[in-house]
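What Swiss-Prot records for this protein:
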- Gly170, Asp171, Arg172, Gln173, Thr174, Gly175, Lys176, Thr177: ATP binding site (BINDING)
- Ser363: site 'Required for activity' (SITE)
Amino acid sequence: MKEEVLGLPIDKIEKKIKEYDFSPRISNIGYVKHVGDGVAEVSLLNSAFIGEMVVFESGIQGMVLSLKEDSVGVILFGKDEYVKEGDVVYSTSKILQVPTGNGFLGRVIDPLGNPIDGGGLIFPEAYVPIDNEAPSIFDREPVKEPLYTGIRTIDALIPIGHGQRELILGDRQTGKTTIALDTIISQKNYGTICIYVAIAQKRTNIARIVQTLREYGALSNTIVIATFPDEPPALRYIAPMAGCAMGEYFMRQGERVLIVYDDLTKHANTYREVALLLRRVPGREAYPGDIFYLHAHLLERAAKLNKRLGGGALTALPIAETLSGEISTYIPTNLISITDGQIYLDTNLFNAGIRPAINVGLSVSRVGGSAQPKGMRQVAGRLRLDLAQYREYAMFLEFGTELDMATKKKIERGRRVEELLKQGAHEVQPIEEQIISFYLANGGFLDNYPVEKVKDVVIKYIAYLKLKYSSVLTFLREELQLSDQIIYQLHNIFQEFEKEVYANSTGS
């Protein structure tokens, strides 16, 4: 075995030393004029550019974020107590880079790639700039490969594809993060690499999220990038860009990547804080004038690459917080206009016990059925119609209106569909089981059962299939469509299932 130092083979270290250029270098230096609140004003850095990394004499790193005639504004990646007026600042003429690689999977890190989970050193495979150009039109291909969230409402009515950007928005405590975590948990079965970017989150929340991912076996294919409210604003500002850069590295290798930004409302607030500290001219609601560009540039980096570039994909799930259900405020409307659709979580539905509290009427996926398997398309169209009719007719019930039998039947069907769409946290369901569930609802197989027993019937029926007819589930998993033969089998098996399991309890 080769001798190692700090986990690296001796021959690699020797090679690096030989390759290093020891010749003198000309370096542009400046001096700190003023420092405070995580930002510094530096003079004499005349050749500095936006996004350049600089180093203070104490070793603290920073990034240039504003340019003036006689000085530049720098955000600090460390505590400003280690920087004082008159300190020397060294220009690097480089864009900030972050480490990435497979070694980061299963770890919790800060936006600079430093581990913060006590798990030891991470040896990167590469360093990548945090700011890259989005793939061009010619580098992309249409979004048509489905990304399964395991959430019935989303996979059936608001389908997401690899390479898409789908916004999740709603008030506080309505389940936005839960939807993102469930989507990550679902990816463990499909080999998708996940990156969860937590922006200004409490440490207790991060610990709970990491524990949830570990408990459900999804942490091993996930990188958690965490920033906290008491950290320098610079770390909170670069967090989504750093996560995106790491995701792009895997995408360029042909991998499918999912990145969650939780949340961009806090990121916008951080950018506003930094911009005001740097004395930049405020715009609407005191946000900088380029806040729209900042988020558009970030989210445009999500893409489905064509086969010439490896066919990788980066899917973005940004999260935004609304206040009192108002989605027409500045940041949410910006993000709605940038993304390829939104999933809106309704406080009233949440309080009524409907989980996930997705308002189907205000939610949309602009990719639509092109990112949905044929089997789901076969059942989802009827599902949406039944649900829409139910909610329309249910309004008349509130006024005690007399309804004919056909209308009552539609209402009863709608109640069962709505019950079927309810789903507990982290109860993700494979796509083939979802297709079967909706087939039963559409076909009227559940009409004779009380609403409160609908989910129990479906769960037991799927368990019955696994036990006696696993080939049906295997076919659906592989072919993802309801052929005539499979429909015939599902129908006959359900009759057999009823006789064996529900012979004496139907309708009770």
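Cβ coordinates come from backbone N, Cα and C, glycine included.
One way to see the shell of the ATP site is to take the Cβ centroid of Gly170, Asp171, Arg172, Gln173, Thr174, Gly175, Lys176, Thr177; the remaining same-chain residues with a Cβ within 8 Å of it are Glu321, Leu345, Phe350.
Counting only same-chain residues at least 6 apart in sequence, those with a Cβ under 8 Å from the Cβ of Gly175 (ATP binding site) are Leu345, Phe350, Arg355, Pro356, Ala357, Ala425. For the pair Gln173 (ATP binding site) and Ser363 (site 'Required for activity'), the C-alpha distance works out to 18 angstrom. With every protein chain in view, the residue among the recorded positions Gln173, Thr174, Thr177, Ser363 whose Cβ has the most Cβ partners within 10 Å turns out to be Thr174.
Nearest by CA distance to Ser363 (site 'Required for activity'), out of the binding-site residues Gly170, Asp171, Arg172, Thr174, is Gly170. Same-chain residues at least 6 positions away in sequence with a Cβ under 8 Å from that of Asp171 (ATP binding site) are, in sequence order, Glu321, Thr322, Leu323, Ser324, Gly325, Leu345, Thr347. Its Cβ placed at the centre, Gly170 (ATP binding site) has 29 other Cβ atoms within 10 Å.
For Lys176 (ATP binding site), other Cβ atoms within 10 Å of its Cβ number 25.
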